[in-house]
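Working notes, beginning with the structure itself.
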Amino acid sequence: MDASDTPTHPAPHPADPAATPYGAPTTPPRPLRSRFTVRDVAAAKNRGEKWSMLTAYDATTAAVFDEAEIPVLLVGDSAANVVYGYDTTVPITVDELLPLVRAVVRGAPHAMVVADLPFGSYQGGPAEALASATRFLKEGGAHAVKLEGGSRVVRAVDALVGAGIPVIGHLGLTPQSIHTIGGYRVQGRDEAGEILLADALALEAAGAFAVVLEVVPADLATRVTKELRIATVGIGAGSGCDAQVLVWQDMAGLSGGRTPRFVKRYADLRTILADAARAYRADVRDGRYPTIEHSY
């Protein structure tokens, strides 16, 4: 090939997705707004300003949600289900979650990234919790951690906060305890509501900056929200919480089968992706792809 045959297209900018073979993101864009922090959570509570949280498990999705100004991204142990294909959240490990945390942090320069402490990484007590949480901040780049349980994890929360690690608690339906609570059902009814409130207050006293309330009666969640100085994050807990969180595949309609009652689908991504994949398969089969415009 002589010089006249050499392509003359300008080299793409290093931050341009086209600069990589598969259109994957390279370095995140320079932040134009500051990263959301624990102080912002407290300020929003004081102003009565609601905020949103979504799960994320990879850099590309994290970048999309960061662009949409979702302030908090949770690398949840729900990755056990939606990434690794486990039936419950119980099997996932710290080592399986850490690469996902790193990816989300790289993709989201503005969001607070929260890492779930998986089952078996903190139940042994404060020392185990501190070792696990430290890995997520030091090796993963997370900005906070989340753990399930009330009074039984208060000592662990106190140790984490004392070490400078921001903590979100999680009450109500706690999926890591699914074998104990006997299934996915509403928690906190009747006298159990008083126990949940006491647990929430105990987490607040231990230094947690927020608490997730999952699948609890809306009136109970509203009461807890009013009683606490820290933020409440609802998932199946009504509109009275300070914030809301959803698994992004549920929110975007990518999950298959029935979704929980509390999920609102904002798109039908499963159908869109399936249709796109079928169209691609048909084009390849019938010789319609690639064409000259897709060739060098």
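In case you wondered, yes, glycine gets a Cβ from its N, Cα and C as well.
Among the candidates ASP40, ASP116, ASP190, ASP199, the residue that Swiss-Prot annotates alongside ASP77, GLU148 as binding Mg(2+) is ASP116.
Taking GLU148 (Mg(2+) binding site) as the reference point, the binding-site residues whose C-alpha atoms are within 10 Å of its C-alpha, out of ASP77, SER78, ASP116, are ASP116. Residues near ASP116 (3-methyl-2-oxobutanoate binding site) in space but far in sequence (CB under 8 A, at least 6 apart, same chain), listed by position: LEU74, VAL75, GLY76, ASP77, SER78, LEU97, VAL145, LYS146, LEU147. Around GLU214 (active site, proton acceptor), the same-chain residues six or more apart in sequence whose CB sits under 8 Å from its CB are HIS170, LEU171, GLY172, LEU173, THR174, GLN187, GLY234, ILE235, GLY236, ALA237, listed in sequence order. In sequence order, THR55, LEU74, VAL75, GLY76, ALA79, THR89, LEU97, ALA115, LEU117, PRO118 are the residues of the same chain, not among ASP77, SER78, ASP116, LYS146, whose CB sits within 8 A of the CB centroid for the 3-methyl-2-oxobutanoate site.
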